Amino acid sequence: MKPNNFTSSEKWTETEDLLCLTPIFADGTVKYLKGFSVLNILLSITAFLGNTLILVAMRRESIYLHRPSKLLFRCLATTDLCVGLIAQPVAVVFLLSLVFKRTYLCRFAILASSVVNYLLCSVSLSTMTAISLDRLLALILRIRYRQVVTLKRASFVVVNIWVTAIVAASLYFVNPRITVWYGRIGIPMCLTLSFASYTKIFHTLRRRVQVQDHAQQEQQLNYVFPLNTARYRKAVYSSLWVQVVLVVCYLPHHIVITFSTYSRLSSSQLLAWSITGLLVYLNSSLNPLLYCWKITEVRQAVKEIIRGSLLCPWS
């Protein structure tokens, strides 16, 4: 770390200088950075196309999801769309600025990438937490769920998620440390809430199954709601898969950043940042595949959209 007489902004400015002035050209790192640039471009295209399909599919009434739940998934898909449309092109600019030794462009790309990444990662994690809480409320409230969890309240939550993320990311221009600490506090909080929600869900489901096996009075409940219970389980597993994949994609990059030595940035460290960063971006291309795999209605809607586009390309 730097001596204490540096301000926060100065420390981050020096970090940007280390990134942009890293001597990467003596050990063949350039070809890897070019390769990462190509992969980012390809993933940018797949993230954009995949999440555009998901957003169009989510507009269809055939998707059996409560409207607030559908809104949360659309928010997540919108975030992934922005990753492909904004975050990854900026990452490509950063990598190519290193390759072609454009220091000024490199500094600008790092600043833009930091703000955009903090913004979109914050929205993704917060939305996944909201989805897990939504699934928990559906289990706890049961019949009252549709009365309590309304589209208006869900819209309020989504707007607050975006506003909070925009404010926190914008503070990077004022003092990067504020944004960093927002992430250090927000990430564990979101993951803890999600973990607690799914733990409560599976514990409650298991307990209800045990009660149903031993209590005669639960037979009527089984007769009235068997299909809803099956759909609920499927919805829980679908959202859990998305959550797990997100953590798997994000965790390596978080570990690399945590253990990075900012006073001396090596080529291998830069490559580690690039590889794990690519894994983070990969998450935005994987999510549409997860939706199609785990949500039957989404898969059918996407098939119909693709089939219609191929049959009537000019309509």
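Cβ atoms are placed via backbone N, Cα and C, with glycine included.
According to TrEMBL, the feature transmembrane segment maps to 38-59 (among others). Tertiary neighbourhood of the transmembrane segment (38-59): same-chain residues 70, 73-74, 77-78, 80-81, 83-85, 88-89, 91-92, 95, 278, 281-282, 284-285, 287-289, 291, 298, 301-302, 305-306, selected by CB-CB distance under 8 Å and a gap of 6+ residues from either end.
Averaged over the domain 'G-protein coupled receptors family 1 profile' (50-291), the predicted model has a pLDDT of 87. The domain 'G-protein coupled receptors family 1 profile' annotation in TrEMBL covers 50-291.
The transmembrane segment annotation in TrEMBL covers 71-96 (among others).
TrEMBL lists 108-133 (among others) with the feature transmembrane segment.
A Cβ distance under 8 Å defines the sequence-distant neighbours of the transmembrane segment (154-174), meaning residues of its chain 6+ beyond its ends; these are 67-69, 71-72, 75, 111, 114-116, 118-120, 122-123, 126-127, 130, 134, 182, 186. Under the heading transmembrane segment, TrEMBL lists 154-174 (among others).
Feature annotation from TrEMBL assigns transmembrane segment to 180-198 (among others).
According to TrEMBL, the transmembrane segment annotation covers 240-259 (among others).
Long-range contacts of the transmembrane segment (271-293) within the same chain: residues 29, 32-33, 36, 39-40, 43-44, 46-47, 50-51, 53-54, 73, 76-77, 79-81, 83-84, 87-88, 91, 95, 117, 121, 124, 238, 241-242, 245-246, 249-250, 252-253, 255-257, 260, 299, 302, each at least 6 residues beyond the stretch ends and with a Cβ under 8 Å from a Cβ of the stretch. The transmembrane segment feature in TrEMBL is assigned to 271-293 (among others).
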Near the transmembrane segment (240-259), which residues from the same chain, at least 6 beyond its ends, have a CB less than 8 A from one of its CBs?
76, 121, 124-125, 128, 131-132, 187, 191, 194, 198, 269, 272-273, 276-277, 279-280, 282-283, 286-287, 290-291, 294
Can you work out which residues elsewhere in the same chain, 6+ from the ends of the transmembrane segment (180-198), have a Cβ less than 8 Å from its Cβ atoms?
118, 121-122, 125-126, 128-129, 132-133, 135-136, 168, 171, 236, 240, 243, 247, 254
